[in-house]
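Features of the protein shown, as given by Swiss-Prot:
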SIGNAL    1-24  signal peptide
DOMAIN    25-94  domain 'IGFBP N-terminal'
DISULFID  Cys26-Cys50  disulfide bond
DISULFID  Cys30-Cys52  disulfide bond
DISULFID  Cys32-Cys53  disulfide bond
DISULFID  Cys39-Cys56  disulfide bond
DISULFID  Cys64-Cys78  disulfide bond
DISULFID  Cys70-Cys91  disulfide bond
DOMAIN    98-164  domain 'VWFC'
MOD_RES   Ser188  phosphoserine
DOMAIN    228-273  domain 'TSP type-1'
DISULFID  Cys286-Cys323  disulfide bond
DOMAIN    286-360  domain 'CTCK'
DISULFID  Cys303-Cys337  disulfide bond
DISULFID  Cys314-Cys353  disulfide bond
DISULFID  Cys317-Cys355  disulfide bond
DISULFID  Cys322-Cys359  disulfide bond
Amino acid sequence: MSSRIARALALVVTLLHLTRLALSTCPAACHCPLEAPKCAPGVGLVRDGCGCCKVCAKQLNEDCSKTQPCDHTKGLECNFGASSTALKGICRAQSEGRPCEYNSRIYQNGESFQPNCKHQCTCIDGAVGCIPLCPQELSLPNLGCPNPRLVKVSGQCCEEWVCDEDSIKDPMEDQDGLLGKELGFDASEVELTRNNELIAVGKGSSLKRLPVFGMEPRILYNPLQGQKCIVQTTSWSQCSKTCGTGISTRVTNDNPECRLVKETRICEVRPCGQPVYSSLKKGKKCSKTKKSPEPVRFTYAGCLSVKKYRPKYCGSCVDGRCCTPQLTRTVKMRFRCEDGETFSKNVMMIQSCKCNYNCPHANEAAFPFYRLFNDIHKFRD
């Protein structure tokens, strides 16, 4: 009797194991929805573990599986614990990143939170990155909208643009004024930039620009919408890290919607393990530009570039000066992750470097600080 029960239990265990294996295997053919799913703010689309369909990436402490992978761009992986046959796990941070402190609260590396109704934030290795939940507040109003202003809406968190119809004026008249001295940068604009205010481009014009734009713009005409757009693009910011992989940003409205967006690119001024003074020639105080001795793969969020490159890096000085990129170009680079997921990112490639005493990394105030559509910024005390 006991042997019969033991055989029955063994059969049940075997069937359960085979069922779990069948569920964990990938289908012979992929069948995906026609439209990609819409994810919550701050949540990206990734391919499932079978490499078939785009799904919303699972976040820190959320349940995960082969068909519901974690967000690898935030350094998360699906932790199945000690079980080798488990089908579901929990998203955990791949490495012990630094926690974040914001508004007297501690957030773990990879944790997402909403500090207010206008921002969705994520802690990434000690830095808090946020995206706006009210993008309409940060985009340019319709150029045909006279005297645009933001007003609060009852029962809603986000403000909306309204137009005053009292005085309708052609926004593109007096182009000499638009491209004249009014585009200069003065000290009063620093406060406006900090408060995310826009400055009128020309006298009597409803066109606006960001205070940080100091160069002459060009005018783009959209024949489909019958609108003209003053196209403006800032220079790329300094790399966020003096060694290792960092991020460089710029702001532009060079798009069909004429909407201000922040563009990012991966940058690496120099490897963190690069020898400091060993390559200096006798009598020299600086080593400006150095080329990688052998082809290397770029890394981003735990993923490797598909191709190998021989990038140039900036050297170092012994007299207190710092070496920073002088001429750069941006290339589109393809990355592949361990789960087979591939994606493209803009990457900075250094062409030449310069050495001087202007070292902006010694002062955090030197970093550009914008809050725009699709923005990711760092909160500072």
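Backbone N, Cα and C define each Cβ position, glycine as well.
The disulfide-bonded residues close to Cys286 (disulfide bond), defined as a CA atom within 10 A of its CA, are Cys355 out of Cys30, Cys32, Cys355. Cα separation, Cys322 (disulfide bond) to Cys52 (disulfide bond), rounded: 47 Å. DSSP classifies Cys70 (disulfide bond) as strand under the three-state reduction.
There are 15 other CB atoms within 10 A of the CB of Cys359 (disulfide bond), with all protein chains counted. Of the disulfide-bonded residues Cys30, Cys56, Cys56 has the largest number of other Cβ atoms within 10 Å of its own Cβ. Under the DSSP three-state reduction, Cys78 (disulfide bond) is assigned to strand. Cys323 (disulfide bond) sits 45 Å from Cys53 (disulfide bond), counting Cα to Cα. Sorting the disulfide-bonded residues Cys32, Cys39 by the number of other Cβ atoms within 10 Å puts Cys39 first.
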